[in-house]
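Worksheet: the structure to be examined is printed underneath.
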Amino acid sequence: MIWYVATLIASVISTRGLVAQGAHGLREEPEFVTARAGEGVVLRCDVIHPVTGQPPPYVVEWFKFGVPIPIFIKFGYYPPHVDPEYAGRASLHDKASLRLEQVRSEDQGWYECKVLMLDQQYDTFHNGSWVHLTINAPPTFTETPPQYIEAKEGGSITMTCTAFGNPKPIVTWLKEGTLLGASAKYQVSDGSLTVTSVSREDRGAYTCRAYSIQGEAVHTTHLLVQGPPFIVSPPENITVNISQDALLTCRAEAYPGNLTYTWYWQDENVYFQNDLKLRVRILIDGTLIIFRVKPEDAGKYTCVPSNSLGRSPSASAYLTVQYPARVLNMPPVIYVPVGIHGYIRCPVDAEPPATVVKWNKDGRPLQVEKNLGWTLMEDGSIRIEEATEEALGTYTCVPYNTLGTMGQSAPARLVLKDPPYFTVLPGWEYRQEAGRELLIPCAAAGDPFPVITWRKVGKPSRSKHNALPSGSLQFRALSKEDHGEWECVATNVVTSITASTHLTVIGTSPHAPGSVRVHVSMTTANVSWEPGYDGGYEQTFSVWMKRAQFGPHDWLSLSVPPGPSWLLVDSLEPETAYQFSVLAQNRLGTSAFSEVVTVNTLAFPVTTPEPLVLVTPPRCLTANRTQQGVLLSWLPPANHSFPIDRYIMEFRVGERWEMLDDAIPGTDGDFFAKDLSQDTWYEFRVLAVMQDLISEPSNIAGVSSTDIFPQPDLTDDGLARPVLAGIVATICFLAAAILFSTLAACFVNKQRKRKLKRKKDPPLSITHCRKSLESPLSSGKVSPESIRTLRAPSESSDDQGQPAAKRMLSPTREKELSLYKKTKRAISSRKYSVAKAEAEAEATTPIELISRGPDGRFVMGPSEMEPSVKGRRIEGFPFAEETDMYPEFRQSDEENEDPLVPTSVAALKPQLTPMSSSQDSYLPPPAYSPRFQPRGLEGPSGLGGRLQATGQARPPAPRPFQHGQYYGYLSSSSPGEVEPPPFYMPEVGSPLSSVMSSPPLHTEGPFGHPTIPEENGENASNSTLPLTQTPTGGRSPEPWGRPEFPFGGLETPAMMFPHQLHPCDVAESLQPKACLPRGLPPAPLQVPAAYPGMLSLEAPKGWVGKSPGRGPIPAPPATKWQERPMQPLVSQGQLRHTSQGMGIPVLPYPEPAEPGGHGGPSTFGLDTRWYEPQPRPRPSPRQARRAEPSLHQVVLQPSRLSPLTQSPLSSRTGSPELAARARPRPGLLQQAEMSEITLQPPAAVSFSRKSTPSSTGSPSQSSRSGSPSYRPTMGFTTLATGYPSPPPGPAPPAPGDTLDVFGQTPSPRRMGEEPLRPEPPTTLPTSG
């Protein structure tokens, strides 16, 4: 029994605890439940019952926050208590949960669940759980405006639209589908829309839209504006023909819509027009119908709708009635003034306007153009310049238009009348102050009496003025508006006449400017105007401007400087509308504003970019290496709307891309690259071109060219390229070798022929021009050398004269030949030293010629095997052999020892041996090098040695110098002194200077220098004196001007000085007795200013009886001469210099003149070649004078290898005095001695036209040295006082031509020669 009670108590206690825990500790945290409107939801609330036993009774209550009583109560098995709002929707779910069906938005909120245990005390115990219910609902309107809403025009109206939903919806307003935002016209706030200043444009449908994520709701309201009607379709202009019906439409809208329409014609109701009211009708929609229109119905029609609210609108249109042309109110009498122009008018009425008006006079058609002074005007009127009685008559007119005509006018009679005239004319100008009275007179008369009226030109005046009966114009108080032009008009039926005057009102404000113009740019505007009247005071201007959209109070004033009537306004906005006006002001006030001009500034130039058409690059570029090159392959671009035009292939080796090919067809997908460099890394890329657009480059493909180049081998296509190139090169080399071999063979053959021909040259002899003996020219046997050749000889021309085969020579000949070869070898050597030359001379110079005799012993002198045959000499010319060609010279000088032979000639005889004509024969050079002694610059009397006459005396004559028959030496040495060896004249190294037996048939020399006329009937000199520019330093000398050389003789060096150093200018004690006048023609000499003075050089006398070979003979210089050879010059009785250093006297011989003047002396030019005579030889371009035809020259031809020359015997009393000048020898002269050498110009040597030719080559000028550092100046000068002088020739060559010593143009230096230092030449006076 006790156990049972304890168990019962424990169970009760445990049950109470569980219930209390379930009721009090159930879900202490609130629960949130979300549901969509219209769906069902369960609000959970749990109760835990005991495991065993009977559950205690309890009560379930559900509360909603904000509602004081429970919305749901349930106890046991009793029916629940449900709030009316939840009736039918709330029920108990499970033990204590609440189930709500079809939830609503208002069901949202906090709910509390309470469970009450009936067996417990509730005073101190509370339990329950909280649940928040959220209802998601689409927007729904809770407040909306009515479907139609009215508003008065000019007022405001507000339309409100409220919506509810979860989440809260957003409310917006739209008008005709356009979203309305906050503005001056509309105000939108919290779903309300307010329209201010309602106008007719505000009428229409307005839509309220509420939307959220759950949906949207829309409501539409129509706004009706109460006001006057609004014309929706105004009437339009129409054109109808006469008698048709016209229809004018007019439709309007209004609220309220009780509309009435009224139509007006010319501002009068159509129903008030008597002729129109019966033919019009107005329909209910406002259309006006006019039946059977007439021309008078045309005009403006106006439609006015009305609904009794406000001011009714109106709209107008014009009715045009077309009809044929007609004449209205033709006057019966037409008055035309006399003496002035008048009109005959036809009052035409036509629609369309009349095109032709025809006139009839007195019932006949009138041809207006046939009447003088009559003109038919465009309106059909006739203008008469001056009416006469011929114009009198009756006129009718008939107008026509496109619709025809309504007939002719009524007849009108023309009457001539005098026009009115002014009896009082107003003045030209009137000036009066403002506010004062003014009277302007005007009066007229006529028949009928005219009526006088006044009018203002331009803007009419509104001031108080009136016209008096007399016609005058009266102003009681002048105002600013009275200023301007006024006209007095006198009118009667005949015509109207006018008279003008100008009225100036002083003391007013300025008048408004006019003609305002504005020129705009993007940011500037140039405003210009025409100033108005200033009112009598100085006025200024200001420009007013504003933006067009701004109000009337936004004008900005800009002052204008005094003077100009324009202003440049800057800082404007582009593409903006501006308004401009101009205002004038003076001391009395401002003018009215000018008209307002509105302009728009220019907009910035907008360049619309062309749409970019992107071309994708080619794809998948690959490079495959082959033996022939690199094969590049690619795929076309992936996207391209147009076909590919072409591809561009580029490559690079370094950093820079270069184009390989830019014309690969667009249809190709590969390219083969050839001719690549070996062992080089190449990178390639390709670009696509489509319609002038270039794509981006493709991917880069790299390849090395190491294995591209295989060994050259023979393929089917042919030989490899290197093999082919080698074959071509070999063929070219063989062809060139054959060509050069052929040329060399020809050259050698020609040289051999020249040597053979030279060996056949005859010995030199005196040639007489008058002899008719055969010569190589006259006999027809022309030597090949006589033919001119254009090829220059080689530099080795020194050896060209040697024969091809050796001859058997005598010991003397062998001696001469060996010495010649040795001497020439020494001369031709390029390296030279004084010590070497002396040593070689001592070692090689023989004392006597050694030869082997018959017994084998060596003997000196001539060999017995070859007995020496003493050659015969020409008398007076011991250096020339006698030949069979000229018998007049057969007498030898050995057989006839003339006691008159000069001592100098006798001394030279042992040195003169017979010579052959071959150039192989050569006299050994004398063992003496001339030493040049300086002489002072003195006259002839002051010289140490000079030429004197040693032959037989001539009759005394007044001459500046005395001459004998022969030349000799006059030395200052004492008798006891040892005479020096004979002077040696070296070989010039060129055959050009050798004597030519048959000179060219030129009447004058190639140099053309004038001769020096002789004083007192005698020639001073026949020689010409060309002089080269011989620089003394490295720079080219400045040539002297053309000096005037009055020559008195050539014995002294004074002839080389200009006139200020002439012997006539020295002291009287040193002057000769006679001196040539200075009026002689100037010699064409160009003497360099570098020569400090002139030194005379005399040759030493030879030793009598001594052989030239005895004694020490200095070796010739080894340096090769690089100056020009001696050139032949034209002169009579002078020495001719040969290639072996010979002077050849040229003797005159009288002969009758030949026709054409060709009998004179011929000259020997620089290009010494054989000349073939022609019937009429062409004159040389260098011809400067002609010789006298009565004189012919005799050329003395000595052996070309003779070292010295002697004077020939002359039949005349005097013989020429010769001055021989030797070539400078740079190898034997020191610098100190060179500066003292006298420069003597070479003389021109003349030759006979029929003399024996000399076998010499003619080297071209191209082989000459053209360097100005050294030029030869060797020559001979002769004073032939006993010979007549030829007349002077033409002028010398132009000053611009640079000439050498022989008048020739310098040519370039021979290749390979060393330039020689310039040395002045020497002068040698000789006599023979």
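Positions of Cβ are set from backbone N, Cα and C atoms, glycine also.
Cross-referencing N624, N1019 with Swiss-Prot, the residue annotated as N-linked glycosylation site turns out to be N624. N241 is the residue among N127, N237, N241 that Swiss-Prot labels N-linked glycosylation site.
Per Swiss-Prot, the annotated phosphoserine among residues S783, S1202, S1285, S1307 corresponds to S783. Looking up C250 in Swiss-Prot gives a disulphide bond whose other cysteine, out of C208, C303, is C303.
Between S794, S1021, S1211, the residue that has phosphoserine written against it in Swiss-Prot is S794. In Swiss-Prot, the feature phosphoserine is assigned, of S312, S810, S974, S1215, to S1215; the remaining candidates carry no such note in the record. Secondary structure of the domain 'Fibronectin type-III 2' (614-708), assigned with DSSP and counted as helix (H, G, I), strand (E, B) and coil, comes to 0 helix, 48 strand, 47 coil.
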